[in-house]
Amino acid sequence: MKSLLFVVFIFLTTTYAAKVSFKVIAPDAKNRVHVNINGVLVELKASDPDVPYYTGFAELKHGQSYNYVVDGNAEPFKRLLNGSSTKNEFFNRPVTYATNIPELPSILTEGSWTRGDTSNPIWDSNYVPSIFVTGNPREMNELIENVKKNTYKTKITFIGPETINTFEGCTLGLHKPGRKHNDAKQSWIWALPEGQFMANRNWFKIRHMEEDPTQLREKLYADILRKMGTYANEANMVRFFINKEGMGIFNMLDDVIMYSYINAMFYHGDTPEQLGGLYDGASGASFNFPGDFDSFIPNVESPLDQDAIEPFSKAFTSIDFLEDEQVKTIGKYFDYDQFLRFMVMEFLTGDWDGYWQEQTNDGAYIDINDHNKIYYLGQDFDATFGVNLEQKREFVNVSYTEYPKLFPGGVLINRLLQNPGVKKTFENYLKITVQEIFNNATLGPYVTARHEFLAPDLQWDRSIKQRSPGNIFGWTFEQTYENLFEGVTAPGKNSGGADWGLLEWVAAKEKAVKSYLSSSEAADAATVTQVPEAPGTDGTPSESTAWPHANTRFRQAEASNTHKIGTSSPSNFIVKIKQGTVSSSSSIKRTPCILPLVILASTLFASFF
């Protein structure tokens, strides 16, 4: 009897057709969109004519496959679904939600940042969101073709893995348009209407990543920093459309010099009565005293001007860094534990356009709700992993101990490293980061899996002819893969600066750091003597082994999924999930600045130093 019941149960589950909700994004659709189930076409409809997002219901048996048909053209692959609703799928993309990308380990957990909002699905890197801007056609063409500094009112629709959000009355513009050496593929910014937020943010920026053939470096940098327990910007890859015209794939990220980022990452969206001073660090923003504090450009809503940086810089200059008690004191007014983590990453990636080497692309936030504590802000992580690096290739082997002599302008990190305890902490962070994340055993599978997932969108991106004026490198789709392992030369008028492969750099830096640490006193780095206010981590991670394919192309036979390189259309991609199926699955409160705030900051610092 039990056997009979089991057979009946199996029969029912394999023959019963359930009503399923289908959702697909089809930007190129001109007429009709259908879901095809065993030759039966069911039409899907778009509720908003501005957004090519088609939905509908159809009967689907358990284990039955389906695909989408747009204007008579069917996807050349089948999809499988477990559940009563698809995720927000994209036409001709075989993998909607990645399940085979390894998770990077979280390290340096003691003292890691916990104040920020990072859990929203818009930052889920296993999905590629789609963003649709709807604006006046004449204004949008003017913006694209003439790269105006004007901003325009638009409607912006954000489609995530499960949800769709539309905001009317957004302000859209280009990020720093019209500069002499801008790339034709522009970067964009927009603000949500006053009082409206998404993921506790009301300001978004997307960067083009044209300097990097792989388009992976900048997001990878931020991903690693957050795994190191920092408050680094969130980032995710997105598809971007203006009036249904595809502009390409971009890196959407927090703009750290905007209060949107501060509100989300420092206060979980619970905005305090008074926000602190916020600054964009331009060239020369070194924190040195005496120095040019005009390099710190206050946010237009900042209640403090650039002179509020001076008391900290002056006090920092007076510190005797051989005295632990003085270092402990300054830790109350400068989160240098977080700063050390940022500097470890700058060193490992050879970030030549950041704080340590050039004193630029940084920033600062003064939290007036926490004793005017200063937080270092890092931004724009594109000049990393060997991209556009003018140093000789031997530079990858240079020890961090040589940096103070090579780059004397980085006074914050150079002086902190004069303290033996801080130096030990820095070396411990460096060692753990290389052992646990910054090595080819970890990053090799992670980076190649991310490339596999993004490959159809990278090929689409490389096929777009940009209508804006500017530099065109002409990186090919094949080079998005090749530059993971070796240098490549752009076929355009400018040959580009991709002389290093991304993983080639990682392998070389991993080898150099391990060699340095093994020949120094870092043999006992796990028993570091900590300086108060700069905690390290407990335990000694196991030593990683070199990823065997660090300097060669990833062997398709050894990968957990495969794809054909150099095919003519995204539909030719073969993506095999481990399970064997294709899964589808600006308004911030502020009050006017008052002079006593600056005086108070000066008094507080003077009383401690």
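Each Cβ is built from the backbone N, Cα and C atoms, and glycine gets one as well.
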Q. According to Swiss-Prot, which stretch among 527-547, 548-568 corresponds to the feature region 'Disordered'?
A. 527-547
Q) Can you check what DSSP calls ASN82 (N-linked glycosylation site), collapsed to helix, strand or coil? A) coil
Q: For the glycosylation sites ASN82, ASN397, ASN440, work out the Cβ neighbour count at 10 Å and name the residue with the minimum.
A: ASN82
Q. Roughly how many Å separate the Cα of ASN440 (N-linked glycosylation site) from that of ASN397 (N-linked glycosylation site), to the nearest whole number?
A. 17
